[in-house]
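Okay, so here's the structure we're looking at.
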Amino acid sequence: MAKVTIDGIEVEVADGTTILNAARQIGGDVVPPAMCYYSSLKETGGKCRVCLVKVTQGSAKDPRPMPKLVASCRTPVMDGMVVQNISSAEVLEARKGVVEFLLLNHPLDCPICDQAGECDLQNLAYEHGAAKTRYEEERRTFEKIDIGDKIKLHMTRCILCYRCTFVADQLTNNRVHGVLNRGDASEISTYIEKAVDNDFSGNMIDVCPVGALTDKTFRFKSRVWFTKPLDAHRDCPTCSGKVVLWTKGEEVLRVSARKDQYGEVKEFICNECRYDHKNMKDWVVEGPRHIERNSVISQNHYEKIDLQKLKLEVDRQLTFQKGKQLPQSNTSQA
Amino acid sequence: MQLTNRSKLVVKKEMNFWERMYLPAILGGVMITIRHLFRRKSTVKYPEKTREISSIWRGQHVLKRDDKGAERCTACGLCAVACPAEAITMTAAERKKGEENLYREEKYASTYEINMLRCIFCGLCEEACPKEAIFLTDRIVTTDYSRTGFVYGKDKLVEKVDDRIDVTKRQTLAVQEFKQQKQLSHNK
């Protein structure tokens, strides 16, 4: 076991846990954002750099600080480590810079993009980015590609998190897509546009943090905030069958896997559940899906509040607010 | 309990001869009428004459086209989610090859309806629009005998290519300032 302090909060975690996962055990505001790390896929992380944190004390034995900001999703904790996330102005400044880099080539076509409203990059830019762009050059563009007949790839929107290639690697038995070329010219390729027809290939859509991989059966059907998400399940021989139905009236517009509070899918679903059962009769509806209050999807959706749970959450946040040093507002220009 | 000193005690006393004739009272009433004849009128003879309205009057909506005549609306749904009266509905469609001069971006609104009976003309749709597609104009929504006539579709909302509606006065300072920064790549 190792004791770490993150933003003044001490937590004891198992050896080998990463800083990010230690922060997730605390929960709340101290959790660094992550665009490429995905807990249910092995080897992910270390690519997007938004989870950078400052280590002010390496360990109890060697209290020297780490010379540079480290990627919290790839750095294991040491006993006695002291980490600063939102309490460090340097981290916030660096994160702002990373968001600016991620948005350099992003087309910002949110009004068209089907991911808008549930997009990690949108949330990240809203919370950590600058309101204005300084970029004056031409953005890199790619042609739209159909990956199989159910997935549309907008390479222009991709931030190269590599999550989808890990899905292809780890969930399906033979990988048929990867990343070609290098640096600015990198692009997801299906190796001569070979169709992805594995049973679990549809999970690429769910793991994509941006709108680069979208469901063609849902393409332009509706904005997510006009749909009503319902938890549902069915008896499926290949997967757990636990899904979210995005409905409008009696019509099922889209089926997706259930994401947790960090936007990560724990139980992946098969393509049959995702694409072939767009009928309410095929599903056992459990009830409305809980949507975070700060999400645009919760607009006009009401749910019964559990008052005791709400009080616990408010108390938790209040004690947290008292115990920590509040982050400095980011004053750097543009 | 007495709240103010303005209350008057009503005395019911018998009227004298002149009061019973009612002539002074009638003349008094006629005088008031005559006095009002020479006052400035508080109404206008609509529709021959219309009242002067502000340049940022919030009247009937318009869906704008760009310089080349393509529709600006991409059916992003932000106006509908901003609308407090839930007056706006739309369905999106994908632009096909050859329609590039009709629609500005790859997605467009195949139907776009505003229920003018629901609309409260607050202008939040105009504020929410990221594409400068919807604006409220100084036109007044005309009356009708049936409710169905108040659901305005694209035929009534989209401006005609040869009959553009000027909205330059409605654009906020921030928008005008932003438009001048031509070096920014998404503003070209």
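Backbone N, Cα and C atoms are what each Cβ position is placed from, and that goes for glycine too.
Taken from TrEMBL, the feature transmembrane segment covers B:21-38.
Marked as domain '4Fe-4S ferredoxin-type' by TrEMBL: B:64-93 (among others). Within the domain '4Fe-4S ferredoxin-type' (B:64-93), the DSSP-based counts of helix, strand and coil residues read 5 helix, 8 strand, 17 coil.
Around B:Cys79 ([4Fe-4S] cluster 1 binding site), taking its Cβ as the centre, 25 other Cβ atoms fall within 10 Å, counting all chains. Here TrEMBL flags B:Cys73, B:Cys76, B:Cys79, B:Cys129 as [4Fe-4S] cluster 1 binding site.
The Cβ neighbour count for B:Cys122 ([4Fe-4S] cluster 2 binding site), using a 10 Å radius and every protein chain shown, is 14. Per TrEMBL, [4Fe-4S] cluster 2 binding site is recorded for B:Cys83, B:Cys119, B:Cys122, B:Cys125.
Counting same-chain residues at least six beyond the ends of the domain '4Fe-4S ferredoxin-type' (B:110-139), those with a Cβ under 8 angstroms from any Cβ of the stretch are 53, 55, 57-64, 71-76, 78-93, 104, 147, 150-154, 157-158, 165, 167, 170-171, 175. Per TrEMBL, the feature domain '4Fe-4S ferredoxin-type' maps to B:110-139 (among others).
Here the C-alpha separation of B:Cys125 ([4Fe-4S] cluster 2 binding site) and B:Cys79 ([4Fe-4S] cluster 1 binding site) works out to 4 Å. B:Cys73 ([4Fe-4S] cluster 1 binding site) counts 27 other C-beta atoms within 10 Å of its own C-beta, drawing on all protein chains shown.
Under DSSP, B:Cys125 ([4Fe-4S] cluster 2 binding site) is assigned to a helix (H, G or I) in the three-state scheme. With a 10 A radius on its CB, B:Cys129 ([4Fe-4S] cluster 1 binding site) counts 21 other CB atoms from all the protein chains. B:Cys122 ([4Fe-4S] cluster 2 binding site) and B:Cys79 ([4Fe-4S] cluster 1 binding site) have their C-alpha atoms 12 Å apart, to the nearest angstrom.
Sequence-distant contacts (6 or more apart, same chain, Cβ under 8 Å) of B:Cys76 ([4Fe-4S] cluster 1 binding site) comprise B:Pro130, B:Lys131.
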